[in-house]
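A.B. asks: Have a look at this one.
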Amino acid sequence: MSAVTQVVETAIGCVIPSCIEFGSSMRIATSLGSPSVTQSPCVNRDVEDIARTARESIRFFLAELSIECVPYTQDPALEAQVASATRCWPDRERLAPHIRTGIVIAATAYAHNSLATRTLIALYTAIGVALDEPDILESANAIGFHHSLCTETSERPSAILDEWRRILARMWDHFPRFGASCILTSTLQFLNMTMLENETKGKVLNRTAMPFVEYRRMTDGFPEVYTAFIWEKGRFPDVQVYMQAIPNAMRFINFGNDILSFYKEEAAGETGTYIHDRARLTGLSSVETLREVVEETVSAWRQVCEILGEGIARDAWNSFVRGYVTFHVHNPRYRLSELL
């Protein structure tokens, strides 16, 4: 997610972000520059071979989900609300690409939520994505953020973190107590892991460190946050309706991004990814690992569907999945138009 988000106009006038990322996993989005052991043999494969592998896996993935993506359409009401809310943000020009990212993810994956909730999601995402960039994170002085929440101090957080804190405080107005608390704790985990990643770049993974790779993947990409966003309090006040689906929904969010990012990462020769780290530590090729991840992600999706059963909670999940995939498929950053 360290890439600068750009916005392009399509021939029919739809605005589509070309470099969206929301979180490591959104690396929604994603690997936060995971440490590498060595270059994967997949990097040197012919681009056509990479494309063939990715095409087969992604087509299988989408077919299993029965996803039919629709073109991204703008949400004027959402854009107006976000523009008003961010008008006085500090350093707004620098944050503008990330604000666009927030709008698009809210308009696609969370289209089933109310306008007020979509607006809050867009604002939260804008700052979260911005803080995934090392220079912005450093300038925000995030290192003292966690401690400041537990102490009485006159030292206030940076302007951008203070804005994020105010946004976080509003989560209880839009999500059940459990969901809002998950958003807070997951946010703190993201910041903590992101700072650790920046402090330990180049650290070689121990061959027995697979549990750490899994742990890092679950903490550096907001999966719990973006799962909690699916079910807003106004329509889903009782968390018991969906709570057992949360772990598998988190896996779907993380691994879904890994699958849909695979082609552009392989074509660019990127090796600091979850799939590459997992392949190295398990002794498999990245192609074999991709296929495993696809199977695990489809399984997670099925289990969420089974747990939710029929009804509005399942409808919200289906809407999220369709929008989440659309976010990737119609985003030029992921280069999926070259495959599908």
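Residue numbers in this text run from 1 along the chain shown.
Placement of Cβ uses the backbone N, Cα and C atoms for every residue, glycine included.
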A.B. asks: For the feature motif 'NSE/DTE motif' as recorded in Swiss-Prot, pick the matching range from 5-13, 113-121, 203-211, 257-265.
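C.D. replies: Going through 5-13, 113-121, 203-211, 257-265 one by one, Swiss-Prot gives motif 'NSE/DTE motif' for 257-265.
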A.B. asks: Look up motif 'DDXXXXD motif' in Swiss-Prot and report which of 55-61, 97-103, 132-138, 286-292 it refers to.
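C.D. replies: Residues 132-138 are the ones Swiss-Prot records as motif 'DDXXXXD motif'.
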A.B. asks: Rounded to a whole number, how many Å is the Cα of ASP132 (Mg(2+) 1 binding site) away from the Cα of ASN257 (Mg(2+) 2 binding site)?
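C.D. replies: Between the Cα atoms of ASP132 (Mg(2+) 1 binding site) and ASN257 (Mg(2+) 2 binding site), the distance comes to 16 Å.
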A.B. asks: Counting across all protein chains present, how many other Cβ atoms fall within 10 Å of the Cβ of ASP132 (Mg(2+) 1 binding site)?
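C.D. replies: Its Cβ shell of radius 10 Å holds 29 other Cβ atoms.
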A.B. asks: In whole Å, how far does the CA atom of SER261 (Mg(2+) 2 binding site) lie from that of GLU197 (Mg(2+) 1 binding site)?
C.D. replies: 20
A.B. asks: On the three-state reduction of DSSP, what should I expect for ASP132 (Mg(2+) 1 binding site)?
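C.D. replies: The three-state answer is coil.
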A.B. asks: Name the residue among the binding-site residues GLU197, GLU265 whose Cβ has the smallest number of other Cβ atoms within 10 Å.
C.D. replies: GLU197
A.B. asks: Counting by DSSP secondary structure, give me helix, strand and coil numbers for the motif 'NSE/DTE motif' (257-265).
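C.D. replies: Its residues fall into 9 helix, 0 strand, 0 coil.
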A.B. asks: Can you check how the pLDDT averages out over the motif 'DDXXXXD motif' (132-138)?
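C.D. replies: Mean model confidence (pLDDT) across the motif 'DDXXXXD motif' (132-138) is 84.
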